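The structure appears right after this line, and notes come after that.
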Amino acid sequence: MTKKIAPSILAADIMNLEHDVKMAEKAGADLFHIDIMDGHFVPNMSFSPSVIEGMKRVTDKPLDVHMMIDNPDQYIKPVVDAGADTVLIHTESTNHIYRSIELVKSLGAKAGVVVNPGTPLENVKELFPIIDQILVMTVNPGFGGQSFLPGMLRKIQRLDQLRQTSAADDFEIEVDGGINAGTIKQCSDAGADIFVAGSYLFNGESEAEFAEKVDKLRQSAAE
Ligand SMILES: O=C(CO)[C@@H](O)[C@H](O)COP(=O)(O)O
């Protein structure tokens, strides 16, 4: 599968979001990752659907929306209406993940399931036939700038093996948290396809340096 770079706007300069989005687009970002946090499911708060709506006005790149909230079903329609192309739901946030994924699909968006570091892959195997992406968290969710959890590499590998041996193998493996030029290669070698990067990319450097970092990520993922 094609390797894709997804800048996480959690680390962008919120007062200059349009500038940062254009910079990332120019640098070759394949899609944008938008974190929705409610202060309950994770101990932090972030964006709401209005940010998705704003992003949609300034970029044509796909918007990958990561729901870190309790009662996700309540907000699936608002985020799809706001312009989410993919909606990613944590399996730990609902008793009825299958239903949540079906709801996303019924609204015409792509659907993904997210697994926290402590959640076994067993919990998502039954979803393979109906999902477009599985996001393996490589940090505990809620904050940018955390260190990559190396123990997750084995999980990515196992997921890739399960995908290869499954009849329903038509989904991408995404990783999120602590991704940089070193960890991206490890994740790519383990079988990941989509790489979310926040603090590694958005740290106030020039546009040229930002573009160099995107190139570096892409090269490391391909090596
Ligand atoms: O979902 C999250 C954090 O929970 C992420 O999307 C972060 O935005 C990733 O940030 P870095 O680890 O790359 O700084």
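Backbone N, Cα and C define each Cβ position, glycine as well.
When TrEMBL records H33, D35, H66 as binding divalent metal cation, the matching candidate from D169, D170, D176 it lists for that site is D176. Checked against S8 (substrate binding site), the binding-site residues H33, D35, H66 differ in C-alpha distance, with H33 being the nearest. For the substrate site, whose annotated binding residues are S8, H66, G142, F143, G144, G145, D176, G177, G178, G198, S199, the maximal Cα to Cα separation is 17 Å. Nearest Cα neighbour of H66 (divalent metal cation binding site) among the listed binding-site residues (G144, D176, G178): D176. D35 (divalent metal cation binding site) sits 11 Å from D176 (substrate binding site), taking the Cα positions as reference.
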